[in-house]
Structures are given as structure tokens and as C-alpha cells.
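Colleague: Okay, these came from TrEMBL:
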BINDING   Cys195, Cys198, Cys225, Cys228  Zn(2+) binding site
COMPBIAS  8-26  compositional bias 'Basic and acidic residues'
COMPBIAS  390-399  compositional bias 'Basic residues'
DOMAIN    82-329  domain 'Deacetylase sirtuin-type'
Amino acid sequence: MAAGGPSRSERKAAERVRRLREEQQRERLRQVSRILRKAAAERSAEEGRLLAESEDLVTELQGRSRRREGLKRRQQEVCDDPEELRRKVRELAGAVRNAKYLVVYTGAGISTAASIPDYRGPNGVWTLLQKGRSVSAADLSEAEPTLTHMSIARLHEQKLVQHVVSQNCDGLHLRSGLPRTAISELHGNMYIEVCTACTPNREYVRVFDVTERTALHRHQTGRACHKCGAQLRDTIVHFGERGTLGQPLNWEAATQAASKADTILCLGSSLKVLKKYPRLWCMTKPPSRRPKLYIVNLQWTPKDDWAALKLHGKCDDVMQLLMDELGLEIPPYSRWQDPIFSLATPLRAGEEGSHTRKSLCRSREEPPPGDRGAPLSSAPVLGGWFGKGCTKRTKRKKT
């Protein structure tokens, strides 16, 4: 035996004893678990004695079961019945009318009607991955602003909504017609790349998804700044990253809006990420001075207990009822009037092959009657900007 410690054989014997005890504990746990799954009347006297002798294990297993059931309930989608939903929407409409400064927080749930998957719904990205199922990439070039996006744009136009804070990267708020100053896209915009070597940062809006070559901690898009030649980067903030760009994240406007808000409307967000941003919830203020919170979501959120009202309904259904209650018409989305085409910067010669993602195409639909004679000089679908399957238009001559 070595001085000051057990011998090798003694250590091996102690390890065998430890493993044996662990295996006996696991077997006891399995036995108790099987017994607990039985109805009390079906348990034998021997099984009853085993439960009585294993109070700690019974308590642990019952706690696990409660946590699993609680998690399952939180993941379930709950719908208010139609009459209850209408009643809640009337209350929400009153809050919108009376709000002095209304801020809207949006999540993936407002874009599911555009065939963009959410994250935590029954068919959400994280839900499917946790079940071991594959997730197919959606073609976001086909996505268009939904009824909810267009309703929010109209509410802002009517000065009923002052600012929109979005977790979404799909660019649909921008394409709905919301002014850039009225949006904070906290996790970036898939249509925007920037040059961080320029001061201030030089921004390039594109008509295609710029994230084809980018990933976590790898943000260079493969194109260069037209001004200084530095590499451009996307604006996406991945999990585990900290967003530092001024635009399109627009954190300054988001925090200013939150500080001024007396009402916050959360649409289609699980709030599991947003809850981690205390600046958005005015947590430094006493509870009585914090904004009133209204939540529209089919699932549980960690802010439900703080809400003045929780509406269990699909965002488009709720917003249709809300706009009807407010007496406001929802403007239809028009590809021809999509702001992204007038904001976008064309690729330079030689950059046409820098991406393979399908481009947005303005020529899919005819212009509105009043615009049929307008020149297309302001429509950046010319000069190599066409997506696959688009037909090039000829610029009209002025008469």
C-alpha cells in the first residue's frame, strides 16, 4: 500500500461498489416508475411497500412528471372561442385608441401565413429538431407581407402605432411599407448587407437573400463595398451573438420607444428571447409605471402573468377583427409598390454570379392603373437584377 492513500486494488474494489450501488439505484428507480404508472387499485401489497420505502424516489419522479406535463401544456396551442376572441379584440381596440405611445413587438408567428415556419409552434423549427425530424429550408423569395404586416403598416400610418420592434429577419416589415425609422429589426434583415469599414456603416439593400454564404460568427457575404472595397457582411444576429450594428437593428430607437411606451402589443412571439432584453420592458420603473402589455399568441409565454390581456388566436385573425373594430381598411400588398425595389442597390458588373438565391421580381404583376405610364427608372429590376423566370421590361421613352 502506498503511503497516504489506498492501494490500486482497493481503489478498484471501491469503484466496483460505487457502480453496483448506482445500478441498484437505477433499477429501483425503474421499478418505482413502473409502479407509479399503475392505478393505485392495481398495485400489489409488495409494490405498495416498495413505494412506502422509496419516498425520495417517488417525490423525484412525481416532480419530473409535473414538469413534463407543464412543458407539454406550454407547448400546446390554445384558441379562444370566436365570441371570446371578439370580446377580447374589442378590449384591445379600446387600448389601441387610448394609447398615447403604442409599440408593437413581433415574432415569427406573424409570418407563418407567408409560409415561413416559426420556431416553437407544433411544426416550428426548434420543435421539429427536438423530435429528431429534419427541417427543410423555405424559399423566402416567395414570401410576401401578410395581413398582419399590412395592418401594422396602416396603424403606423394612422399614428396609432409609433414603433415596431421585430425579431424577424425576413424583411417583411420593410416590404410592407413601414418607414425604416419606425422599425427595429433586432436580429437583422436577410436583404441587407453592410460595410463596417465605412464610417458611418454603408448599407446595401438587395433584392435577394444575402445570407447564402454566412453562418454563426461567419458573416462575410462575398461581395465588396462599392466605395472602399472592403468585404461586406450580413446583418443577421445568430443565437450566441451580440448585435452591434446600428442599422437595421436600430437598438437606439427600440429602447427609446420602450421608454416612452404606455402600451406594448406583442404579436406572434414566444417572448422567450425578448424577455432577456430588460431595456424593452422598462424593468427599472416601478410596476405601476410600466407599459400595459397585450399579447397575441396561441401558446404560453413567460410574460403572460404580466399581461393586461392575453388573446389566444392567430395573428391574422386577431388583426382582421381589430382593424374592423377600428374601422380601418387593410391595404393589400402590391409587389409593384414594394419599397425594397426603390431602396435596393444594383449589383456591379461582375457581381451577378456572386449569389445563387432567387431574386425578388417586380414584374410578376402588372402595375396599378395609375402607374402604367410611369417610367421604370426608379424600379431596380433593370440591369441584371432579374430573378430566375423574370421577364425583362423595356424602359418606356418619354413623350
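Cβ atoms here come from the backbone N, Cα and C positions, even for glycine.
Just so you know, TrEMBL annotations are computer predictions that nobody has curated.
Give me the structural setting of these features: burial, nearby parts and distances.
Modeller: All chains included, 14 other C-beta atoms sit within 10 angstroms of the C-beta of Cys198 (Zn(2+) binding site).
Over the domain 'Deacetylase sirtuin-type' (82-329), the average per-residue pLDDT in this prediction is 90.
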Colleague: Counting Cβ atoms within 10 Å of each candidate's own Cβ, which of the binding-site residues Cys195, Cys228 comes out highest?
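Modeller: Highest number of other Cβ atoms within 10 Å: Cys195.
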Colleague: Relative to the Cβ of Cys225 (Zn(2+) binding site), which residues of the same chain, six or more apart in sequence, are found under 8 Å away?
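Modeller: Long-range Cβ contacts: Cys195, Ala197, Cys198, Arg202, Gln231, Leu232.
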